[in-house]
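Straight from TrEMBL, the features:
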{"type": "DOMAIN", "residues": "A:240-340", "note": "domain 'FAD-binding FR-type'"}
{"type": "REGION", "residues": "A:1-21", "note": "region 'Disordered'"}
{"type": "TRANSMEM", "residues": "A:36-59", "note": "transmembrane segment"}
{"type": "TRANSMEM", "residues": "A:71-95", "note": "transmembrane segment"}
{"type": "TRANSMEM", "residues": "A:116-134", "note": "transmembrane segment"}
{"type": "TRANSMEM", "residues": "A:154-173", "note": "transmembrane segment"}
{"type": "TRANSMEM", "residues": "A:185-208", "note": "transmembrane segment"}
{"type": "TRANSMEM", "residues": "A:214-234", "note": "transmembrane segment"}
Amino acid sequence: MTAETQTRPVTPPSFPAHRRTDQRLRYARRARRADLMLIAMWTSGAAAAALFLASGGAAQFGSPAEIVTSLGILAGLVGTDFILVMLVLAARIPVVDRTIGHDRAIAVHRRLGKPALYLLLGHGALLLIGYGMSEGIDPIREVGSMLALPDMPLAFLGMGLMIGVVITSLVAVRRKFSYEGWHLIHLLSYVSVAFALPHQLSVGGVLAEGTLQRVYWIALYVVAFGGILTFRFVEPIVSTLRHRMTVAGVSTIAPGVVSIELAGRRLRELGAEGGQFFIWRFWTGRTWWHSHPISLSALPTGSSARITVRDLGAGSARISAVPVGTRVSIEGPYGLFSDVARTSEKLVVVAAGIGVTPIRALLENAEFAPGDATVLLRAGGVEETYHWDEIRALAAARGAHCYMMIGPRATGSRSWMARADADRGVTLQSAFPDLRSSDLYLCGPTSWLDSIEADAQAAGLPAHQIHAERFDW
Amino acid sequence: MRVRAVLGSIFASTAVLVVGWQAGAVVLAPDATAAAQPEAASATSADGTGSSAESSQATAAPESATAPTVAPTAASDSDASAADSSAAAAPSVADGTFTGSTVDTRFGSVQVSVTIAGGAITDVTALKLTDHESRSVQISNRAAPLLREEVLAAQSADVSNVSGATYTTDAYLESLQAALDQAGF
């Protein structure tokens, strides 16, 4: 598009000795926070059950009908608590992102989805059976008598929406939707959870007016919905308006790969770490409805930032054609693929293909003493050596060793290495003698990354020292 | 680290459940006596002095001593003067205390009696309230005074639901309507 310099000046290392942090101490603190969050998550489930016990639930297991009814109430309370935990995990709350990372938060969110739905379906079914039993009618007829109660039609509707939301998120079903279509359906989960609230407060006896249980429950809702509102909606809008980012230039750095230069105000105050990503939205008529999670390929200066994108997928192809001056809205920075995740003093970085982009930014502000960092760049061919010149210059300026490995993998091999190197007998440990006492940062295509991650695990590297970002676009 | 998180979760969850269980036990204890009261009331309903769950809420109003069936009595309530003035407007309404039907819910049966004086509802007494579970007793005890006030204000069974006590409300109002129908109100 525009004539842009293809390389950026490399920032000199500036880490005076007194600023160096103890990586192990920092990791211990982060691990403690992560443990506390896990404990809080499970305890909130137990607390939901305790609400029932606190309202005299322990005495309500006297007859079969009472047992079924009590289990139904418990399932509803715990299931709803899980749903609220899922909202908190998906809310992109900064402390959650800094502690376990956006990826893991979403992974936990996904794992909770099905159990939560089963609990809620169980809640509905058990209560229809239990109430039916005590009234002497079958569960189907009980539906009619339930619907006659205030707030219950809304609750049935909420349940229907929740079933739809979870079904469209099953892997097999989700593939049939575009991301945007799926996401729109997924947003109905907010409506579903909101629809469920009135019947909990009016029909359910556990949360009756004037009880502490009611106060606690409403507080949970406030935290979950407040988190979503603040960090998914308000914060991105405020950040977008504050930093006013626009496209300053688009340059093709290799066939099918573009760097997008962005201009904005006070960009250092974004607090972005090297290796983090933003979710970008380019406001042109053809691109505004797609948002793209893309890592920074250079740390923001006061007034500029840069991302590098490979043209895969219709959405990505279109953003390579956005005109200069296009307004850009941002959500972020997100992700724990950064120096925040460090656990040890030494650093090993391996990146393949377009996966070099976050590595390029990571090397700018990762803390390490000269000689303590090793970088290995991997490409199938010379045309894939994006930003390698910049990375080599950065490594040289900061005293990091930099190796390059070019060439296709051996056919049929699951090795992450180039064929020639694999044949020579190179291993992860021979390439990185200090591996066991280092943090290993990996970024590249999924299949390649799975292979090198398996190697690292086989070499005995503990999970908390492996930081992987799967990068397929 | 994982071990610490798992052990911490188990410990904290257990602690929360025990606290909840104990809080529940405290709730159960006083309710055991409250639950017994509607029973006593129905057993001695002939005296109609309203020793029901409702009166245990210290909202008991002076009541006329009447038989529970259609038996006109002189209005002895504090509201009597107000009731008298409306008597002329509704001459077809019989004065007295009328007992409504017993309405069964999954939480127990509900029965109320209504006192009519001078063509106006002057009192509503809960004879039986939902009491199957201790929680129901609590809910009933909370809902009954609210419903009584609403009914006295509205002068009909057409009042709004007490949130958190939907079953009690429905049954209470149904029994009340039956009593009002008896009175020709």
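Backbone N, Cα and C atoms are what each Cβ position is placed from, and that goes for glycine too.
Unlike curated records, TrEMBL annotations are generated automatically.
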Discussion item. With a cut-off of 8 Å between Cβ atoms, can you find at least three pairs linking the transmembrane segment (A:185-208) to the transmembrane segment (A:116-134)? Only pairs 6 or more residues apart in sequence count.
Written reply: no
Worksheet item: Over the domain 'FAD-binding FR-type' (A:240-340), what is the model's average pLDDT?
Response: 89
Discussion item. For the transmembrane segment (A:214-234), I need the partner stretch with the highest count of C-beta pairs below 8 angstroms, choosing only from A:71-95, A:116-134, A:154-173.
Written reply: A:71-95
